[in-house]
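Input: a single structure, listed below in C-alpha cells.
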Amino acid sequence: MRNASGFLKTAGAPLVSATWLPPSPPPAMPMVAAGPQMERVDNGSQGAPQLFLTSALARGVSGVFVWTALLLTGHQIYSHLRSYTVPREQRFVIRLLFIVPIYAFDSWLSLLLLGGHPYYVYFDSVRDCYEAFVIYSFLTLCFQYLGGESAIMAEIRGKPIRSSCFYGTCCLRGMSYSITFLRFCKQATLQFCIVKPVMALITIILQAFDKYHDGDFNIHSGYLYVTLVYNASVSLALYALFLFYFATRDLLRPFEPVLKFLTIKAIIFLSFWQGMLLAILERCGVIPEVQAVDGTRVGAGTLAAGYQNFLICIEMLFASLALRYAFPSQVYSEKKNSPAPPAPMQSISSGLKETISPQDIVQDAIHNFSPAYQQYTQQSTHEAPGPGQGGHPSPSTHPGPASGSGGGKKSRNIEKRMLIPSEDL
C-alpha cells in the first residue's frame, strides 16, 4: 500500500517517513576567468602557433642577411681605409657606408630581444641618430666634391631659381641663388643632427616613466608628439638636400650623383615610410593588439616595430650592394698607385679615428648658426691634381678653389676663411 509520500506500507509495520533526495550533481571543475588571462593561457599552450618574429626561421633568415651585409660593407670600408688618399672626401664616404652596419645590427638585436620589455627603443634611438648624421654627411660630401661654398657660389650666384611644383621650388618664385640659400641647406640638415638626439633622449626618458608606447597616437602619450617633431625635422632636412641637388645637379654630373643620391634617399625614406605604414596598419587593426611572446604580453606597437626591424635586416643587404656601386673604392686606389699621390697616406687606425670623430660637425654647426656667418664662409681648397693622377674631373674652372703648380708637388688640404661680398648676403 502506497501512502501520500510515495513510500510503501505493509500491514502491521510502522510507517517509515523519509524525504526525497535528488541525485547529486557531478563534482564541479575549477573555473578559469575569461579575458586576458584566458588569452595568455591559450597563447602559452603547446598547440598555439608561435609568433613568426620569434621563430627560428625569422631569426635565422634575418641573421643571414645581416651578416652578409656586414661582410660586404666591412670589406668596402676596409678598402677605402687602405686607399685613404683623399681624406676630405673619403671621411664622409666611410660615414655613409657605416649606415649599413649600424642599421642592420641594431635592427637584428632588437628582433632577437623582442618581448615584454621594449629594448628596441634604445637600439632604434642609436639607429635614428645616425640617420641624421648620414644626411649631413652626404650634403657635406657634395660640398667637398664642388670645392666648398665659395666655389659653388662662383657658379650659381645670381641665377634665378626655376619654379617647379615637382621639385618643391614653387614657393621660391622670383628668387635667385645666394649664399643665404647654401646656408639654409646646411642649417636644415644640421638641425636634424641636433633635434634627433634630443628626441631620442626624450623617448628614453618617457619610456622609463611608461609615457611612451610605440604606435599609440593618444594625446596623453609621448609617441604622438615625438613623431610629429621627428617627421617635421627629417622632412625639412631631406627637402634641403633635394633643393641643393636641384641647384647643383649640373655641377655634380661628373661625380655621378644620381645613384648616390637615390641610394641614400631610399635607405632613409624607405625606413621612414615603412614605419609609418606599419603604424597605420596597427591602428587599423591589421596587426593584433596583444600577442604573447614567451609568456609575456606584447602590444601591437611593439609588434609593428618588430616587423619594421625584420624588414630592415633584409633590406640592408640590398643597400650594401647599392652602396658598393655608388661609392667604389677603386677611384681612390688608383690615386694611391699614381706617381704623385694627392695626400700622404695614413694608417688604417688613423683614418678610422678621423672618420668617426664628430669634431668637424660641431665646428660646422657653430659656423653655420653663428651670427658672424655673414662676415665669412668656410671653403676647403686644395691643389688641383696633376696630369695622370686620376680622380674626379673638375666640373668647371674656378679662380679660387683649385690652384696648384702641377703634378710634381703633393697636394695639400688647406682650410681657410674667404670673405663673401655683401651683395650676396
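Cβ atoms are placed via backbone N, Cα and C, with glycine included.
Copied over from Swiss-Prot:
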type	residues	note
TRANSMEM	51-71	transmembrane segment
TRANSMEM	96-116	transmembrane segment
TRANSMEM	133-153	transmembrane segment
TRANSMEM	189-209	transmembrane segment
TRANSMEM	226-246	transmembrane segment
TRANSMEM	261-281	transmembrane segment
TRANSMEM	303-323	transmembrane segment
REGION	375-425	region 'Disordered'
COMPBIAS	392-402	compositional bias 'Low complexity'
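Segment contact is absent for the transmembrane segment (96-116) and the transmembrane segment (189-209), given fewer than three CB pairs below 8 angstroms at sequence separation of 6 or more. Listed by sequence, the residues of this chain that lie at least six past the ends of the transmembrane segment (51-71) yet keep a Cβ under 8 A from its Cβ atoms are 100-101, 104-105, 107-108, 111-112, 114, 291-294, 303, 306-307, 310, 313-314, 316-317, 319-320. Against the transmembrane segment (189-209), stretch 226-246 shows more Cβ pairs under 8 Å than any other of 133-153, 226-246, 261-281, 303-323.
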